[in-house]
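This report concerns only the one structure given below.
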Amino acid sequence: MIQFTLWDIVSHLLIGMGWTVGLSFAAFILGSTAGMVMLFARISPNPLLRQLAKIYIEFFQGTPLLMQLFLLFFGLALMGIDISALATALIGLTLFTSAYLAEIWRGCVESLPFGQWEASASLAMNRWQQMRYVIIPQAVRISLPPTVGFSVQVVKGTAVTSIIGFMEITKTGTMIANATFKPMLVYGLVAIGYFLICFPLSAFARRVERRSYATYMR
Amino acid sequence: MQLICVDELHKSFGDLEVLKGVSFSVKEGEVVAIIGRSGSGKSTLLRVLNGLESFGDGIVNIDGKRVSGLKADLIPLRLKVGMVFQQFNLFPHLTAGENVMLAPKVVKKESREHVTELAMEMLERVGLADKFNAYPDQLSGGQQQRVAIARALAMRPKVLLCDEITSALDPELVDEVLEVVQRLAADGMTLIMVTHEMRFAREVGDTLIFMHQGKVHEMGAPEELFTRPQTPELASFVKSVL
Amino acid sequence: MAYQFSFEAIASNWELLARGVALTVVLTAIGSFVGIIIGTVGAVSRAWTLPLLSQVFTVYIECVRNTPFLVQLYFIFFGLPALGVKLNGWEASVLTMVINLGAYSTEIIRAGVMSIPKGLLEAAESLAMNRWQALRYVVLRPALKNVWPALCSQIVIVMLGSSVCSQIAAQELTYAANLIQTQTFRAFEIYLTSTLLYLMLAVLVRKCLNQIGMRFIERRKA
């Protein structure tokens, strides 16, 4: 039987943590891009597009991430596509992220007074120009705190991908825990790993929220 | 008999001294109107009398008991001193009747039957017996303020403080509230009101206090003060508001 | 590529699924009920900055919010026995749900308490109420009413997150789906079905919570 030193455990977990960070980052970037597309669809003047986007968002917000991953994994397999755990995790998290971000951003856009649309329309701007020059710049400012806040949910969401076999920190932890019979220590370290990633993001989200609130009050 | 006695009252917010030695007294059944520019300390004075603000130096006696500033003494003080606010501050989740019943029920532990009767009586007194089951957002501003008066009266206070109670109202709703106050005064209620309604202060008040820069600048019979102000400050204030 | 969809296997196992749905609902109900009670205590101690208690709650909230549900679950189920606390899968799941909803509702309800205008508190004070009376009769219901929608969303999110409780053999909906899958090999069909069941649950739970909100928090007579 192999003996694990504390350092062995930690170094393996750090590798897993690297995958967690990488997956979170990639899913957040891709998810933001897809989310932007969904946002435009969700607030489009075309009712069909709006409806489709609404169904998309409601599906991903109304079902467990784990089920989404299972469906993706087995659904693609049915179509004869063999897909790795990493690819499943990345696609699944991207879709999940895009739905939530689209909804968060829609809230921000709709919180702007309707007068902003009217004023820009009265200046003969078309819809694209209104978005580009008037609505988006204002919406971005209010959307920063909830968007950063949601990135914490993405990081935590990556833990679920351990269930479909992706070797991020939780999966690594499970394997080490089984090998060492020290689940308390190992899962404690895993939790600390997540905390080290998530706490700075949460703290940053709170700070920008306070700051934007302060500018708003001025 | 003096119901309220204030002597050399001082109050500061940080470095800003808002009350710089205020002295006056109020007899039972007396109606005192306090006027003055904004920032002269009128509202702060009322809030001190209700224990919503602490104070620095000075003595405040209410109904023979010295106001200590101790937390434990706040409740007995407030049982004697009722207050009506500029912004009504009705509890939005309770009906008009429930707003009136709440404090007698939970603070004085009076029976349900008794407080229901009491609330009905108080709402009748302000002319809103038919609004017993209405929620605050179903009432006009004037009606809300009358409910707030009924709510304060239901505690049977010895004195009622009114802090600019008509300032947040649309002009056409002011009179219905003032009528209620006038009736209270006629019934012998002791009233201290900070007000901008000069005509009302003159007609209903027994005593007028003009506050200026944190002090009682002039005090006396309203008619006297309005027609023959002794100081240039009051003269210019009277001129600016009439 | 001629895959034949077959939902027969699911139909014959409907009892397992129904049981799974019921347990997911029970798990969520217990978590929400106890969580909101913890949340109310936490919100008040944080809003009033009660010594010690408010610090304890701050640490608790940060720990819960910045670690995944799944890891908390593993820690409680696999890790706690080392301290002599042996919980079965169901008990560990209930505990994790309560801990999570307790933390999230503390934050949400605190925002509600802070949203109550100062004037209402002063009115309560001027009527000789002490701070507990003011909290109980004047602050709590409007505060809960203001944040009820946020609380409902959070409950639905945590309910969906509870699907990972299947990993420690708590027999909720996902566990039932996994079980049927291993018996029938109809993976896609069974996961599609359970996904749709979750979707329905999310809609229904939200509706129910709205009703509860109107009944017990709004409590309008008119």
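Each Cβ is built from the backbone N, Cα and C atoms, and glycine gets one as well.
Quick look at what TrEMBL annotates:
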TRANSMEM  C:21-49  transmembrane segment
DOMAIN    C:21-209  domain 'ABC transmembrane type-1'
TRANSMEM  C:69-87  transmembrane segment
TRANSMEM  C:147-170  transmembrane segment
TRANSMEM  C:190-209  transmembrane segment
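If you look at the transmembrane segment (C:147-170), the same-chain residues 6 or more away from its ends with a CB under 8 A from one of its CBs are 23-24, 27-28, 31-32, 36, 69-70, 73-74, 77-78, 89-90, 92-93, 96-97, 100-101, 104-105, 108-109, 111-112, 115, 177-178, 198, 201-202, 205-206, 209-210, 213, 217. Using a Cβ-Cβ cut-off under 8 Å and counting only residues 6 or more beyond its ends in the same chain, the transmembrane segment (C:69-87) has close neighbours at 93, 95-96, 99-100, 158, 161-162, 164-165, 167-168.
Residues 57-58, 60-61, 90, 93-94, 97-98, 100-110, 112-114, 131, 135, 140, 143, 151, 155, 158-159, 162-163, 165, 170-173, 197, 201, 205 of the same chain, all 6+ positions outside the transmembrane segment (C:21-49), place their C-beta atoms under 8 angstroms from a C-beta of that stretch.
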